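Listed in Swiss-Prot:
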- 11: N-linked glycosylation site (CARBOHYD)
- 18: N-linked glycosylation site (CARBOHYD)
- 32-52: transmembrane segment (TRANSMEM)
- 53-82: topological domain 'Cytoplasmic' (TOPO_DOM)
- 83-103: transmembrane segment (TRANSMEM)
- 109-196: disulfide bond (DISULFID)
- 112-132: transmembrane segment (TRANSMEM)
- 133-150: topological domain 'Cytoplasmic' (TOPO_DOM)
- 151-171: transmembrane segment (TRANSMEM)
- 182: N-linked glycosylation site (CARBOHYD)
- 207-227: transmembrane segment (TRANSMEM)
- 228-263: topological domain 'Cytoplasmic' (TOPO_DOM)
- 264-284: transmembrane segment (TRANSMEM)
- 298-318: transmembrane segment (TRANSMEM)
- 319-371: topological domain 'Cytoplasmic' (TOPO_DOM)
- 336: S-palmitoyl cysteine (LIPID)
């Protein structure tokens, strides 16, 4: 799942086009209003993504002092990776796409691409761990239960996997002025400009890596998460019918339905946010001629913008829909502004639910007001 700041430039500067400086040509220049709206959208996402995820991390760590919780730890790791995505993806992508050449040096050329790929990998793998934890908690409550130590080891493992998986990107990106050599421009504004592009030993190597990255960063993890949540939903439905027959409290049934919708929304939203950019990358890698137009960068930025929305969606689902989180957030803001100590508050685990199986009786335990 390549979300690199330099993704658009290889398309239009790989020795195949005279479109490299399409912003220069009046006929290809995107409308000012479109650029302005994109900049505003990116700014809003950047602020919401950083503020939302940072708030979630702070509140979770404050809760961890009172009670260790596996799901909270995994959510904090997810929020950390989302912050890295905001910091390393959005600013460099916007600047590089609008300027149409790289101005941050060779080290940042390699580092930004590498960190971006690592961040995306950590995000999706964190979602996988959360799905596994919820599956064990709900579908298999009597089986193996992840503990806090398992959560930390899992986080270390996914960071190591992500760091290793993205090494080829670090090695393949280089600065070069070759894309600008064959341009026919009325001025020499691009004479000394360079682009940050992927340079592979062969096209086959690039296709193998990009396809493998797509499978490992998107298709396979998303499919696994979907299966886990599907089984969770089916399990919750079955238990809902059992609770209904026992005439249990209907408020619990309503919470059950809300959790079902929440679980499905998480998966659907993540998949939908990253789908356009993945389609763009697949087309670029296999049928790049389809993208050789003066509006190539604009299409890429729109796809990238939609993907970046996922950094705001995660805090929304995992935190802002949690009434206890909203209360804690207001207390945190009040503490930051007024400097007054926060009141003690109840630790609310962000897990979905747990079951109480005793004496052959199955009943739903209390489901928190947020995941």
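Each Cβ is built from the backbone N, Cα and C atoms, and glycine gets one as well.
Per-stretch counts of Cβ pairs under 8 Å to the transmembrane segment (207-227) identify 112-132 as the leading one among 32-52, 83-103, 112-132, 151-171.
Recorded stretches compared: 32-52, 83-103, 112-132, 264-284, 298-318; the one with the most Cβ pairs under 8 Å to the transmembrane segment (151-171) is 112-132. Just so you know, of the disulfide-bonded residues 109, 196, the Cβ with the fewest other Cβ atoms around it within 10 Å is the one at 109.
Using a cut-off of 8 Å between Cβ atoms, the transmembrane segment (32-52) and the transmembrane segment (264-284) share fewer than three residue pairs, counting only pairs 6 or more apart in sequence. Beyond the ends of the transmembrane segment (298-318), by six or more residues, the same chain brings 3, 7-8, 11, 30, 34, 38, 41-42, 45, 48-49, 52-53, 55-56, 75, 78-79, 82-83, 85-86, 89-90, 93-94, 97, 123, 262, 265-266, 269-270, 273-274, 276-277, 279-280, 291, 350, 370-371 to within a C-beta distance below 8 angstroms of the stretch.
In the three-state DSSP classification, residue 109 (disulfide bond) falls within a helix. Residue counts of the topological domain 'Cytoplasmic' (133-150) by helix, strand and coil are 9 helix, 0 strand, 9 coil (DSSP-based). Confidence annotation: the topological domain 'Cytoplasmic' (133-150) carries a mean pLDDT of 85 in the model.
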